[in-house]
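Undergrad: Dropping the structure in here first, questions after.
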Amino acid sequence: MTNPILELKNVTTYVNRHTPDEQKILRGINLKVYPGDFITVLGSNGAGKSTLFNTIGGNLAVDEGQILVNDKEITHLSEEKRTRFLSRVFQDPKLGTAPRMTVSENLLLAEKRGAHRGLVFRGLKHQMPHFKAITSTMENDLNHRLNTPAGELSGGQRQALSFLMATIKRPDILLLDEHTAALDPKTSQELLQATDERIKEDKLTCLMITHHLEDALKYGNRLIVLDKGQIKIDVTGDEKQRLTIDDLYKYFEI
Amino acid sequence: MSLITSAIGQGFLWGILGIGLFLTFRILDFPDMTVEGTFPMGAAVCVAAISHGVSPILATLLAIIIGMVAGLVTGLLYTKGRIPILLAGILVMTACYSINLRIMGTSNISLLGKQSLFTNHLLESLPKYFDSVSLGLLIVIIVTIILAMFLQTNLGQAFIATGDNETMAKSLGIHIDSMKIMGLMVSNGLIALSGALVAQSDGYADVNMGIGIIVIGLASIIIGEVVFGNLSMNQRLVAVTCGSILYRFVLLIVLQLGFSTNDLNLISSIVLALCLMLPTFRKALHLDRFIKNGVKTPLPDKKVRDHD
């Protein structure tokens, strides 16, 4: 078997550590993510899904345990440096785009994710055909709004832009934190569909948090369920295919 | 006529203050109080250096560097020391007051009989007040062009993105702390430059010349926005200088009405407050129908508009 692209070894985090209110959020997470995995992450509120993403993304320190990417330890690597191989889409459409900058300016920024930004002219015009092409894949009129400030887009367009920005420069690991939760059901399904296509096309490795059991079953090749800071279910391939919504409901009732 | 020429010249020299403040107040989106210390610091350093025999050009450059150092201190307190920006600025501003007194040795130094950037044959051959107009215009043009070009570079775009959406900037690998420190340094360097120029134009530096400076800088920015409305980034840089000149005209009118120079800080605050409240007034009085142009969405308003 190939080596995991991302590995979490006994990752533990606390809040209010060394105080009487000390509480464990992640309780020794062990997870191996292999290249090409598309993992849907389920779990009730407070199960630690977002905390898990934050530790992988680097904006939350790991208290115990290790995180490895391509067998190299990155546990203490800064958030900025991790962006060289990792990208994220947030739940809130406002968090993923710069509102006063245009759609194309946002894409240009994202194309340089994790790269050095020097005193070189940005070369926006040169990139416009490329931006036109990739925004056309979204089928929500984004390709006609390249010169519109991102703050004037609809929520759906803005989130589609966030997703394009996260994938315009191929990430080794893509984290989707309920990126369609703020959208209406139709827009949400369209973006999920586009997400799925893009992940398959570029053979991306992705973890996606969702609250929709149907979506968790429909998308991805692997499914994990977090509960009280631990991975309770981890199913892959055929086993995941056989999983039904009733199985999941049964689990959540316990 | 000469009063108007003088106002335009002052508008250019003070416009550089507005441009400097624009970098932090509008692009990075926070108020930097350091201004109140770095403006007189630029003046103090420049005038003290000149009176010790340093050439005016070198003295002006020295002022810029010292201003940048003060900006660096505020930046470090804010980003590494985690002190809120308003407080960090006030701390440095207060410290600057003592430092300025140290630099000058007294609360007021005159440049009488000394060289300055304005004492050269070319500028002196011009009609009265045209020296500050031409030198001010030249420096404003240079500063505006350099900044406009900088903002179009990859680094400049990262700088804009930091002020626009910190979370996003971070998630794209932009070092937001470095961007903020850089912004504060360049901003305060420009503000010290403005202080150095104003001091050389006025012929003296005074330790109290920083009081109310932030209001004057903000007034240039806001008046420019109110008058010219929605603009591109480059146009907005130019609008700041135009706003600064218009503000000088307002002061001119006020002084003609019989107010004394002691009233100027009060007037400045009133002008700024009125400009800031204008969008609210417009909404309340439905003036939008009558005034086509103007502040459609001033920048602090960051709410997401659905596409319409």
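Quick reminder: no glycine exception, Cβ is built from N, Cα and C everywhere.
For B:12-28, B:57-78, B:85-109, B:129-151, B:181-199, B:211-231, B:238-258, B:264-281, the entry in TrEMBL reads transmembrane segment.
For each listed feature, how buried is it and what is near it?
TA: Only residues 6 or more beyond the boundaries of the transmembrane segment (B:181-199), in the same chain, are considered here, and those with a CB under 8 A from a CB of the stretch are 10, 13-17, 19-21, 23-24, 27-28, 32, 34-35, 38-47, 59-60, 63-68, 70-72, 74-76, 78-79, 111, 117, 135-136, 139, 143, 159, 162-163, 205, 209-210, 213, 217.
Sequence-remote contacts of a segment are chain residues at least 6 beyond its ends whose Cβ falls under 8 Å from one of its Cβ atoms, and for the transmembrane segment (B:211-231) they are 14-15, 17-18, 20-22, 25-26, 31, 33, 35-36, 39-40, 191, 239-244, 246-247, 250, 264-265, 268-269, 271-272, 275-276, 278, 293-299.
Listed as Cβ neighbours of the transmembrane segment (B:238-258) (distance under 8 Å, sequence separation of 6 or more from its ends, same chain) are residues 3-4, 7-8, 10-12, 14-15, 17-19, 22, 140, 144, 216, 219-225, 227-228, 231, 264, 267-268, 271.
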